[in-house]
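What follows is a short report on a single structure.
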Amino acid sequence: MKGQPKQEITPMFRQYFEIKAKYADAILFFRLGDFYEMFFEDAETVAPLLSLVLTKREAGKNLTAPMCGIPVEKSEIYIQKLLELGFKVAICEQVEDPALAKGLVKREVVKVYTPGLFIDLGFLKDKEKTYLSSLKIGKKIALSFLELSCEEFYFTELPQDKALSELLKKEPREILLEDTLKESEFAKVLKQNLPQVHLTFLEKEEFKKFKEKFAGISESEESKEALSAIYSYLKRYQPALAERLSEPKFYYPEEFLYLDENAKRNLELVRNLWDGTEKYSLYWVLDKTKTPMGSRLLKEWILYPLRDLKTILERQKVIEFFLEKRDLREKLAKILEKLSDLERLGSRLSLRLINPKELALLREGLRFLPELKIYLKEARAFFDCPEELKRIEEDLGEIKEIFQLLDSALAEDPPSTLKEGGIFKRGFNKEIDELKDLRENSLLYLSRLEEELKVKTGIPTLKIGFNRVFGYYVEVSKSYLKMVPSYFERKQTLVNAERFMVPELKKLEEKILSAEEKLKNLEYELFIQLREEIAKEAETIKRSARALAKLDVFIALSEVAEKYHYVCPEITEEKVLYIEEGRHPVLERILGEENFIPNSLELKEGETEFLIITGPNMGGKSTFLRQNALIVILAHMGSFVPAKAARIGVFDKIFTRIGAGDELIRGKSTFMVEMSECARILKHATSRSLVILDEVGRGTSTFDGMSLAWAIAEYLYKNKVFTLLATHYFELTELAKNFPGIKNFHAEVREWQDQVIFLYRILPGAASQSYGIEVARLAELPEEVIKRAKEILDTLEKRKPKFYKKQLSLFLGDENSAIIDKIKKINPDQLTPKEALEFLYQLKRELEKS
């Protein structure tokens with residue numbers, strides 16, 4: 001029901017409609033006791049999505065409200081599902097105690113979650129960052145990114161194709177766009193390439209509203225508008241956080257090895273192509289990290305390999321250091337295992353969102369830092385430490401006083417909410433201790449007062465009691481009424497006794513009944529003060545967390561290098577790619593190192609710059625292509641690599657052209673996808689790029705495809721781009737005869753007892769035949785089909801010479817040169833019509849003979 005109904009409605013539903021009107025674009029979770037209830041359209045929308053029972057409730061005269069609800073204590077899982085489905089969720093709480101409310105309980109929205117704008121730790125995945133992004137289209141595309149949980153806010157400007165690659169790397173949960181782009185081709189491209197992302201369209205004004213706030217940060221109008229959109233969105237839904245947001249920083253993707261979206265996907269860097277999880281990805285192999293922040297940083301290093309030689313070499317030195325100093329590495333790793341997510345806790349502290357339970361987690365994380373820092377200081381004193389490791393040690397701030405304050409203040413296991421009490425240890429605050437004593441020992445205090453009154457009055461049967469109507473009272477039996485002092489105030493008369501109130505009891509009653517409330521309020525105030533005090537050191541904590549994340553990644557990469565026998569590659573400014581006995585980092589983990597067949601590769605400027613790899617499917621061609629690209633990426637991360645030895649020049653970009661399955665689902669033909677990808681590669685690849693092509697030209701007729709593959713290969717070679725091309729077009733091996741820098745390699749096979757055996761070795765020279773039918777047999781095609789395929793192949797093989805003379809003169813030597821010579825010698829202007837016709841018939845006869 002949109003808008004408030006005209007008929008009479010109950011006060012509660014009037015309140016509901018007033019609040020809902022302010023958050024019309026969100027699902028409103030309306031607090032009623034221990035439940036969040038949803039009504040009307042909200043209920044009808046979410047009930048089937050969350051598998052909730054849809055019921056009804058009277059909302060007024062002749063008005064029934066469809067409704068569904070969820071328990072407050074289990075709400076996180078439901079909110080998370082709605083966010084994943086692209087909904088906004090507004091949380092409307094009861095902001096006063098229902099027991100004390102006069103009339104309708106006061107309610108208001110306390111927070112709004114959007115798909116890209118949430119910071120609660122329960123909603124976040126340890127190993128992933130959750131980005132909110134905005135973009136503004138101009139000559140270039142301005143991109144801004146906000147990751148609240150790690151307090152990252154930055155922006156950049158890129159051409160459209162690179163902007164798309166950047167978005168695919170970041171995988172934002174939500175992208176803010178101008179509403180004028182709602183039906184645009186660009187929005188369709190975003191949705192096709194980022195199916196999980198939620199596109200939120202804002203009015204143009206939202207991109208301009210706070211533009212001047214960022215005037216000193218960027219001169220670009222597009223960048224200022226992209227930043228304004230994020231700030232405006234945050235201010236609308238999380239206004240308190242908008243004021244605490246750190247200043248955005250510009251970053252340069254050009255500083256890193258460029259990986260296009262196909263490289264990220266096809267090389268399975270952080271997700272596999274099978275089910276989209278991290279299992280069997282490069283990240284899965286390398287992630288030996290001990291902390292959530294280390295795991296997230298490792299993912300960044302994989303997606304953003306370095307191009308700066310100095311930084312790459314510095315990283316290598318740290319990994320080598322930890323390989324040599326195994327004892328130190330293991331000690332540090334044990335400490336890292338005990339740490340909480342200091343990066344996110346530090347951000348929550350900085351944003352004043354941290355709760356008592358999280359502050360206790362922060363305390364436990366900080367507890368072990370001094371020990372870790374001592375180990376690093378000792379390493380600096382006794383060993384020749386790499387510069388990067390020295391910087392890590394220096395960035396670990398002095399947190400002793402912060403830890404001591406937290407340790408002296410917080411209870412062992414404080415609650416997650418501020419109003420529950422039980423936040424502080426005994427001894428931290430005298431007044432809190434007194435209130436706790438009063439609450440916990442009220443019966444003892446009442447018993448003591450009872451004894452005092454008995455002694456004072458001389459009434460042995462005097463007793464203190466309690467009921468809900470009168471509260472606490474002193475009861476005296478009728479036989480002792482004459483002994484009751486005059487200051488006893490009569491409250492109630494019973495058959496055999498009288499009940500009184502006395503000043504001492506009144507005072508104790510007030511203390512007892514107010515102790516709980518006073519305690520909660522005092523603990524709340526003291527917690528806010530404690531949080532503010534600790535927040536002064538939030539930057540120190542966040543800087544320490546970033547240093548710990550680096551340390552964690554270095555230790556993880558050294559563990560991988562040791563465990564899986566990786567070597568330190570020589571990185572050079574020379575244009576070279578030499579890998580001796582390289583291995584695919586993922587496949588060797590699946591198959592086992594002893595079962596994986598290594599292969600070597602050598603490309604060098606002015607010598608071999610282009611490899612054409614032929615051979616049957618399943619022979620290892622694709623594995624060879626991918627493993628070399630992955631080794632190059634590992635080397636640019638500063639990591640060791642799976643090989644016997646390696647010498648690798650610094651590359652600027654890696655492009656891959658492998659498969660088209662995803663695009664086919666989106667309605668594009670194989671050939672169109674292939675040509676679009678090849679066009680992008682030819683446009684952007686430089687002499688310092690690495691290009692991986694696994695089959696080119698498959699989506700069209702054989703000779704169109706072959707011609708295009710030939711031309712593409714020639715273009716890349718002439719532009720001095722290091723290229724690995726796997727192909728089924730054996731005719732392309734002729735390129736090696738024409739160009740000295742192109743070499744043929746093949747996937748080796750052996751024939752034994754009418755069977756083909758794949759040896760998975762990539763060796764010099766072109767393949768002799770395809771073995772496609774043998775591959776089909778391995779795939780268990782029916783024997784009848786295999787037999788018929790062989791018959792057809794035999795027939796085609798017999799016709800092959802004539803076929804090639806007709807079709808492949810573009811690539812083979814010209815065997816009709818005598819005929820061509822005759823044509824060249826003839827002068828058509830000197831022939832009569834009859835002579836010309838006779839000459840034409842003569843040519844036809846000679847061609848038929850040949």
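Quick reminder: no glycine exception, Cβ is built from N, Cα and C everywhere.
If you look up TrEMBL, you'll see Gly615, Pro616, Asn617, Met618, Gly619, Gly620, Lys621, Ser622 marked as ATP binding site. Lys621 (ATP binding site): 26 other CB atoms within 10 A of its CB, across all protein chains.
Under the heading domain 'DNA mismatch repair proteins mutS family', TrEMBL lists 689-705.
Excluding Gly615, Pro616, Asn617, Met618, Gly619, Gly620, Lys621, Ser622, which define the ATP site, the same chain contributes Ala726, Ala747, Phe758 within 8 Å (Cβ to the Cβ centroid), listed in sequence order. Note on the domain 'DNA mismatch repair proteins mutS family' (689-705): its mean pLDDT in the predicted model is 79. Cβ neighbour count for Asn617 (ATP binding site): 19 (other Cβ atoms within 10 Å of its Cβ, all protein chains included). All protein chains included, Gly619 (ATP binding site) registers 26 other Cβ atoms within 10 Å of its own Cβ.
On its own chain, Gly615 (ATP binding site) has Lys621, His746, Ala747, Glu748, Val749, Ala767 as residues at least 6 apart in sequence with a Cβ closer than 8 Å to its own Cβ. In the three-state DSSP scheme, Pro616 (ATP binding site) falls into the coil class.
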